[in-house]
Amino acid sequence: FSFSTGSTLCSYELQPSEYTTDPRAAKLCPKYPVPESAPIPFFHRCAPVNISCYAKFAEALITFVSDSSVLHRLISGVMTSKEIIMGLCLLSLVLSMILMVIIRYISRVLVWILTILVILGSLGGTGVLWWLYAKQRLSASALDTQIAKDNLQALLIYAIAATIFTVILFLIMLIMRKRVALTIALFHVAGKVFIHLPLLVFQPFWTFFVLILFWTYWIIVLLFLGTTGSPVPNEEGFVEFRMAGPLKYMWWYHIVGLIWISEFILACQQMTVAGAVVTYYFTREKRNLPYTPILASVNRLVCYHLGTVAKGSFIITLVKIPRMILMYIHTQLKGKENACARCMLKACICCLWCLEKCLTYLNQNAYTATAINSTNFCTSAKDAFVILVENALRVAAINTVGDFMLFLGKVLIVCSTGLAGIMLLNYQRDYTIWVLPLIIVCLFAFLVAHCFLSIYEMVVDVLFLCFAIDTKYNDGSPGREFYMDKVLMEFVENSRKSVKEAGRGGGAEGRELKPMVGADEE
């Protein structure tokens, strides 16, 4: 600066050539107008060396939070109730484990137990919310403080939402009541699967761990991409890194990789579970099962079926990316497009979402067919599609009801955890806003229940496809014996009897409960 402008900023005792070499420069020269910084390795960015810079940022953030009264009350509510939140999160984990034990050992009565408990839980939760609202509304000091007013309004919202949810749940259970018995046999066999393959319960944890590792790697690569390119001075005199050539398109490649690899990891979990359950189903003597069926399934996946899960996950990626692009366009044009364009965008997004869900379900069954026949993805997808079409009504009657009952299990865990949270947080209502703590607890409870019960749901789906294939190619005659469990054989026989009795009576229920029989009998 001194050479180019002729200005001598330091004391005259120093010559301009000594500004950077003389040790007296620290005292005889002015301080830099920006904090001293050092480069971060690999990222081409400078960060302040003095920690006080970060302390000032933290101080500014704390000041912002303190100035926002609503945000301050919400955060203080979470901090005040942190012990209760941690305890309730642990409670949801324990309840999920207990539910898995119940599924394993009393699967025959599980459906009716869940139905009764959900009815009592939803009624009890709704009643408690209205009781607390009425109690605080009639209290003389209910509206003395702003916190009390916020809690009263939150109670009213919760009570109305719980009432609507309870009514909808009752209507659904009323419609599904005649089909509930069809799931008992599959639930019983699924319970036996978990007895023989207890490590299946921990599959969500391994998958989540691998996803976390991949997402961490993805973020690191993203940071590298953000600092690639050549340093070029801009109009303001600063240096920025500009990407040229193929590097400009690496962002799209990286985003596609995020979606594809994430779907690939989830598909590997589905393939592992399908392989272990198929090994269990088609082993007549359960004593002859491999020592570790899950590890054997992982070995088959790595050696033979990585291409299958890669192709299946890529198909999901091809559908998911256009949907995300349309959602981004819809967000950017919100309030600017006309009604017709908005309707078309929403219709396209909805259609792509439905297609993605259908392909995900077909992929899962294709992985099961691959585990059974060791065929490639396209052949397995075709075989699985044919089986599902042939048993379309039975898929609706068995698979859907099974998923619904597992959903009731998730609802039971969330309602139980939420009810316990309401009772515990109610003691702090005078000095703590417990809207946010209760939401955090319920979300965590649902995630935990979903992680545990999603594996059970996957096992039921795999068992159903194995059951359908077994009944298609076998009829129980000598040389064509069933592989299925005795409980499923009883289910087939009872279904046949129900159809015959309903057929003689001309009832519509006979058509609904059409049994799964062999192809020759059909």
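Quick reminder: no glycine exception, Cβ is built from N, Cα and C everywhere.
Bear in mind that TrEMBL entries carry predicted annotations, made automatically and left uncurated.
Among the residue ranges 54-75, 208-229, the one that TrEMBL annotates as transmembrane segment is 208-229.
Recorded stretches compared: 181-201, 249-282, 404-425; the one with the most Cβ pairs under 8 Å to the transmembrane segment (84-103) is 404-425.
Beyond the ends of the transmembrane segment (404-425), by six or more residues, the same chain brings 81, 84, 87-88, 91-92, 95-96, 99, 103, 110-111, 114-115, 117-118, 121-122, 124-125, 128-129, 132, 169, 172, 176, 180, 183, 187, 432, 434, 437-438, 441-442, 445-446, 448-450, 453, 456-457, 460 to within a C-beta distance below 8 angstroms of the stretch.
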